[in-house]
Amino acid sequence: MLERIKDSFTESIQTKIDAAEALPDSIAKAAEMMVACLLGGNKILACGNGGSAGDAQHFSAELLNRYEVERPPLPAIALTTDSSTLTAIANDYSYDEVFSKQILALGQPGDILLAISTSGNSSNVIKAMEAALSRDMTIVALTGKDGGAMAGLLGASDVEIRVPSNVTARIQEVHLLVIHCLCDNIDRTLFPQDENA
């Protein structure tokens with residue numbers, strides 16, 4: 001039992017080391033896109049399933065409230081939180097459309113979709129991406145493994161942040177770190193702090 005616990009920490013550390021080599025450029029590009037989106041008066045919509053739904057809500061909460069610095073709230077919506085909407089769409093249409101229908105209603109050109117899936121193959125997230133593209137939104141995709149079908153939907157103006165792992169738990173751990181990196185970059189770009197203060 002103790003060895004298994006230690007192995008989980010070791011795997012997590014190694015995955016983060018690998019991600020630190022592979023992901024900074026795509027994280028920086030995604031943060032720049034998000035800053036431009038927010039400066040343009042647009043918003044960021046986020047979606048995912050299970051733990052990825054929690055990540056979508058975490059990201060939205062950090063923007064709407066604050067990350068590490070005092071600042072005005074920033075517009076972000078987690079598409080995972082309204083149980084009446086989610087169950088109505090799932091019941092009347094299908095679970096595959098629970099995010100896409102919200103995007104068709106709320107998404108505007110210039111908005112960003114933060115699409116989160118450890119496998120890259122979640123069908124409702126893929127439909128969300130298709131809806132976002134139809135609304136002239138750009139996409140930041142957080143994936144893992146081989147990127148799945150989500151990777152094939154991305155265009156030149158989109159960005160994929162693919163965690164170099166095949167283990168769902170390790171991918172989720174890095175997704176949270178990526179979200180914190182995005183929030184930190186957004187805050188420090190929009191609201192520069194005096195590092196010596």
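Glycine residues also receive a Cβ, built from the backbone N, Cα and C atoms like all the rest.
Among the candidates GLN14, GLN172, the one that Swiss-Prot lists alongside ASN49, GLY50, GLY51, GLU62, ASN91, ASP92, SER117, THR118, SER119, SER122 as binding substrate is GLN172.
In the shown protein chains, 21 other C-beta atoms lie within 10 A of the C-beta of GLN172 (substrate binding site). Per-residue pLDDT, averaged over the domain 'SIS' (34-196), rounds to 98.
Counting in whole angstrom, SER117 (substrate binding site) lies 15 from HIS58 (Zn(2+) binding site) by their C-alpha atoms. Site extent for substrate: the farthest pair of Cα atoms among ASN49, GLY50, GLY51, GLU62, ASN91, ASP92, SER117, THR118, SER119, SER122, GLN172 sits 32 Å apart.
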